[in-house]
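Per TrEMBL, the features are as follows:
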type	residues	note
REGION	1-56	region 'Disordered'
COMPBIAS	18-40	compositional bias 'Low complexity'
TRANSMEM	77-94	transmembrane segment
TRANSMEM	106-124	transmembrane segment
TRANSMEM	144-162	transmembrane segment
TRANSMEM	174-192	transmembrane segment
TRANSMEM	198-218	transmembrane segment
TRANSMEM	230-248	transmembrane segment
Amino acid sequence: MAEPKIGHGLTAHDETHNNNIANENQNSNASYGLGSNQNGFQGGGGPMTRFITPGGHPMDTSQPAFPVFHRKFANPAPLGLMSFAATTFLLSLYNVRARGITTPNVILGMALGYGGLAQLVAGIEEWACGNTFGATAFSSYGGFWLSFATLYIPQFEVVAAYGTEVHELDSALGLYLITWGIVTFFFLIASLKSSVALVSLFFFLDITFWLLAAGFLAGSVTATKAGGGFGILTAAIAAYTALAGMLTKDTSHFIIPVGDMSRASK
């Protein structure tokens with residue numbers, strides 16, 4: 001025999017089960033300080049534990065130096081900028097022939113993991129935060145580092161396809177860098193109302209790409225070393241801007257300026 005219906009399609013058994021759950025939750029809330037005690041998470045285990053994690057719940061008091069925001073995205077820009085800075089810095093050291101290094105294959109790991117993957121993550125997060133410029137820039141340069149990494153992966157046979165045609169390979173790489181110089185110029189134009197730090201970053205990055213392109217197209221070691229020098233400067237600016245994004249009034253004893261230009265035309 002079917003159990004009698006109560007309300008909107010609930011059986012007597014269902015109602016009893018729901019009442020038991022409600023009583024358990026009430027007892028759990030009391031033990032977690034949700035009742036008259038408002039001292040935050042007190043531990044002790046129970047059904048609510050999985051919802052109260054460090055930094056993930058307004059009740060959490062485990063990190064008093066850092067504000068807790070419930071369901072709020074953090075600023076992804078420092079991640080994108082720092083990953084770009086570190087990878088650019090390392091490659092630029094190779095371009096200036098630091099310590100006589102002429103085989104830069106170690107850049108592969110950085111290009112894949114930090115410059116590529118980390119920047120793609122930052123770009124996706126910027127997209128979720130509604131920042132079109134940040135999403136486009138970080139995702140683009142994340143893609144750049146991933147594409148650059150393929151040059152050092154033998155299975156892709158990018159370099160091997162040219163065989164002994166060294167001049168043709170250099171020309172192809174030069175055009176590749178020119179393309180990124182053009183892309184960077186677009187980002188430079190789009191950043192003119194942001195900050196002095198960000199405009200400087202794209203300005204010197206653009207110079208870096210054009211010098212490196214000249215190094216391949218003209219076969220000039222001097223141009224390549226100059227591009228490496230500007231790359232180091234670009235990396236320093238990116239790292240500074242990333243640090244500025246992490247040093248907030250809530251989490252730091254001081255902040256550093258980036259030269260806000262958003263009010264320049266107001």
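Backbone N, Cα and C atoms are what each Cβ position is placed from, and that goes for glycine too.
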| field | Same-chain residues near the transmembrane segment (174-192), Cβ under 8 Å, at least 6 residues beyond its ends | value | 133, 136-137, 140, 144, 198-199, 201-203, 205-206, 209-210, 212-217, 261
| field | Interface present between the transmembrane segment (230-248) and the transmembrane segment (198-218) (three or more C-beta pairs under 8 A) | value | yes
| Do any residues of this chain, six or more beyond the ends of the transmembrane segment (106-124), have a C-beta under 8 angstroms from a C-beta of it, and if so which? | 76-77, 79-80, 83-84, 86-88, 90-91, 94, 134-146, 148-149, 152-153
